[in-house]
């Protein structure tokens, strides 16, 4: 690409925090919302044959008569306007979820047998060479892959946005019979039938009742009301954990080679818990309940929210119930780094996973006309200030490379804004506190990312030159990058707010520029204007590092069927290390200083000898 004019846009970045909110005080029935009710089942009155009858009677009484704190339900009381359950929980949690007014929720809190009434929070997703980088080689007859038969008798429950079952990563050729411990189902739904399950994808369920109670019905023209993935996140994480080997995989020529998951013979059970606008606690808890009943061995969940006490956190409670039944729960640490005390999913019985780089990058340089070279990162086939919609002056932008600061909208959306305004290229610049960390994005026009320090260099050049000009040079995939691994700048950091003396995250694993399977119906940039389609996509986040650890846990479980979740986590933490591939201390990508134990816990690593 030739030398082009340059436009620099200066912005103030915004920081948005997630807070835990109490239900509103307005008692109007129109303000009903979803609550999760935790019940002590052994206090069930003898008049009821089972707990569900007891729950129903309690809900019906709330519809017909507001009860005072001394009232106890002893017999069923039918009414014409009975409440319906969203979910009934029987395994990892005892109770139910339902839509209630705040007044009814307060009434329930006073009832004998009711342990807690919790607002149904909305959570969000934390959005291949990496198995080789982890030291997993199929050519080693004494290695963990061989010892565990690549996890063939282990079932990983993927809690995410669903799956695209037709991808080659999920074929079942050469797999043995489905493990006899499996008790689950392949639930049909929109564009998903029982025929989409096989000996690889052995089960599939979807959970939408809580989401629909909060957000309204699923729009079938935008997403599938089934286990089919209309987002991409779930397909990517499932194939990262347990995808079969696929030759000649790449993302438009980047990261070319064999794409394979960490535990390529492990069985996948799909639990779709997330939809277009998030994932509700009530649906997540129901997925935990079903996964334990179904017989999974590992649960992988790349979802998070703000920190709350464990006894008020349905996800922590569900994970505890799973752990009690011998199931390891691997969860993403969150992407709010490099700020301290941002780590999520911190319950001591969960394996909390942060993110690191690997020794691969997609190099793209910005060559300034004065000769200076700015190293960056890019991927892809080619507002005001932060380049948000309709914020750029077309006359100023046309034909130029536009430098946009991060913040305010997705990074790939900034390229879309520049393209619509007539710009020739986009440079997305890190702002404090992101620092020096880079991730690749699939821009619609020639684009790259630069570090916080490079942003200052570019800004100084533009301000000091009467005619600033630059050239973008795309250099493809580089292997053997050093230092590696380093702690990803975005990876959430400890200590935990809830338990500051419990080391979190537990480990870090590859989570930057990870190549994995992608749905056919979803653009790689996830922008509606992007008409490109690809079998594999590159993504970054602790969402990507979490399934790496889920896959390693599956291999350990396959090799040691009698190991408990604590033993598996202990094995991973005590065999991990705090040095990079050259034996030097792990660095923090934010400023390339030495990292701390609150950044990485212990890291799953980079050397074949491990």
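The backbone N, Cα and C atoms fix where each Cβ goes, and this holds for glycine too.
Database features, via TrEMBL:
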{"type": "ACT_SITE", "residues": "160", "note": "active site, charge relay system"}
{"type": "ACT_SITE", "residues": "233", "note": "active site, charge relay system"}
{"type": "ACT_SITE", "residues": "543", "note": "active site, charge relay system"}
{"type": "DOMAIN", "residues": "34-126", "note": "domain 'Inhibitor I9'"}
{"type": "DOMAIN", "residues": "151-579", "note": "domain 'Peptidase S8/S53'"}
{"type": "DOMAIN", "residues": "383-454", "note": "domain 'PA'"}
{"type": "SIGNAL", "residues": "1-21", "note": "signal peptide"}
Ask   = Quick one: Cα separation, residue 543 (active site, charge relay system) versus residue 233 (active site, charge relay system), in Å?
value = 8
Remark   = Within 10 A of the CB of residue 160 (active site, charge relay system), the number of other CB atoms across every chain shown is 30
Remark   = On average, residues of the domain 'Peptidase S8/S53' (151-579) score a pLDDT of 92
Task = Take the domain 'PA' (383-454) and count its residues per DSSP category (helix H/G/I, strand E/B, coil), listing them in that order.
result = 21 helix, 16 strand, 35 coil
Rounded distance in angstrom between the Cα atoms of residue 160 (active site, charge relay system) and residue 233 (active site, charge relay system) = 7
Key: Site of maximum Cβ density within 10 Å, from active-site residues 233, 543   = 543
